[in-house]
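Visitor: First, the structure itself, so that you have it in front of you.
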Amino acid sequence: MSEQFTRREFLQSACITMGALAVSTSGVDRAFASSSLPINTSGIPSCDVLIIGSGAAGLRAAVAARKKDPSLNVIVVSKVMPTRSATTMAEGGINGVIDFSEGDSFALHAYDTVKGGDFLVDQDTAMKFAEHAGEAIHELDYIGMPFSRDKNGKVDKRYAGGASKIRCNFSADKTGHILTHTCLDDALKNGVKFLMDHQLLDIGVDNGRCEGVVLRDIRTGTIAPVRAKSVVLATGGYTRVFWNRTSTPYIATGDGAASAMRAGVAFKDPEMLQFHPTGVCHGGVLITEAARGEGGILLNNQGERFMKNYAKKMELAPRDIVSRSIETEIREGRAFGKGMEAYVLLDVTHLGKEKIMRNLPQIRHIGLLFENMDLVEKPIAIRPTAHYSMGGIDVMGLESMSTAIPGLFAAGEAACVSIHGANRLGGNSLCDTVVTGKIAGTNAASFASSAGFGSGTHLHDLTLKWMSRFKEVANGKGEVNEMYAIREELGAVNWDNMGVFRTESRLVALEDKHNELQARYDALRIPNTNPVFNTAFTEYVELGNILLASRAARMGAEARKESRGSHYREDYIKRDDANFLKHSMVTMDSNGKLHLGWKDVVVTQFKIEERKY
């Protein structure tokens, strides 16, 4: 493979990162200029701390790294601008105990998190997380996040599903959007540099430690190695395995988890995918849990508030319970419409226009935009949609956020430190991003401060491999729509066989379908040979990643012969703590074969008990 490229060609490719963007003298433009990647003595671009992903986790990691050691060159790499990250789509709020006057506590937040995750949560991690969460809210308030305020001027709170106390701090129903802008402003203020429109291809490992990554400039098509003393993966989740039946952006293709697996890191609990109860019927766009937190109710085609039949907390039961309840209503004929068009109603009309416009303005806009209806006046059609990845890159613990590979860290939804277990509570995801992002960035900076660069040998080989792969795949001979057909089929079969309800027979059949789709993917060729803005190749790489994530999730789902949280097996409807109070751990060998192992859940202070709401 290496004979296909001269050293001159290789270094030209590596150095193109230097001039990919015009350098501007203004602060913001300069921060987003790719010239912030210096060239080291090997002729390969490098930096001290490289962060992949520009959502809240990546931004908080970058700021933490800069604050830990201001002398470090910290670069954030992303496929899109930070304001287009998945974080901006989070609406409801961010959990954190900052008011103890109503009997709330860190221990109660931790218990709610453990119970909400159906006891697949590592309890020591949950306790530390709850303690960090309150601190994170104060820190965000300090750096200027414009939270909604109560009549006393304090940060306002609302209930979220599965919470025993009111601790979900919010900014109307745009909390993620506002959080992103706050974190981006803070990153720019602290001298963080950005490399936009770049795609992660692979992670280099040299003598057992991370030596950097291989990136592709989406605009020019240039494939280049970037050496780094430490790397933080903050690439988000992988719910695009369901393709169009998800509330997450198109970039949520598991790039970090797939790359980490290829580098030798385990994929923990990949089968744990959350289905949010209230996605807009046509398209899956999210209607925030805040709508139910503010008093919204769910109705079937008989006008019945059906959640009273499933849980005492009704609409504020955890998401997995509400999602299964809605799907049961659909299955048993008490929904509106049929098939993929079936739905129930979310009604907030009784809240009144003033309250909706004050606390839920964005969901009103979503209703008008996607359903051409005003939820001030009538209920909106909803059904469950894939929303969040509880599984992810295995990290060693909350206090480090480091992987098994020295110098490689992970944060946010990309990581699985076992905060969320089998079901994430509403409001815990945004908190996860800022808590784990800060910890990962701090430790990545500490590692980089005392580490040197790797040899670059593995990065060199990986870069040549990807350059060859582009030439092989983008050869102009492929069928125009084949890639999109594979992607649509993958999403559909995953939803049908690995969605809200799962069985052995469906999961076994899904393995055969995955093998068929993988074979078609391996033979796939792209009609566009031009490297410049070759979005087909961008999507080709992403499709490979969601195929790998799908295979890992299916393997975990078949092996876990129980029902727990979001993982519901109709052939094993009971939770089985004796055999499955364990994390599934999927690894990949050098031949691309997947292997499944198990790791015990950490149980400390909370008794394992039946989960009731």
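Placed from the backbone N, Cα and C atoms, the Cβ positions cover glycine too.
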Visitor: Suppose a student reads Swiss-Prot and sees HIS276, THR288, ARG424 listed for substrate. Which of HIS282, HIS387, HIS458, HIS460 should they find annotated at that same site?
Guide: HIS387
Visitor: These are the binding-site residues: ALA57, VAL80. Which one scores highest on other Cβ atoms within 10 Å?
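Guide: Answer by Cβ density within 10 Å: ALA57.
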Visitor: Using only the residues recorded as binding substrate (HIS276, THR288, HIS387, ARG424), report the maximum Cα-Cα distance in Å, whole number please.
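Guide: Among the residues the record ties to substrate, max Cα distance equals 14 Å.
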Visitor: Say we define neighbours as other CB atoms within 10 Å of the CB. Which of the binding-site residues THR88, SER429 has the fewest?
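Guide: Output over binding-site residues THR88, SER429: least Cβ neighbours within 10 Å is THR88.
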Visitor: Starting from each candidate's C-beta and looking 10 angstroms out, tell me which of the binding-site residues GLY53, GLY92 has the most other C-beta atoms.
Guide: GLY53
Visitor: Quiz question: given the binding-site residues ARG84, ARG424, which has the greatest number of C-beta atoms lying within 10 angstroms of its own C-beta?
Guide: ARG424
Visitor: Tell me, how many other CB atoms lie within 10 A of the CB of HIS387 (substrate binding site), whichever protein chain they belong to?
Guide: 28
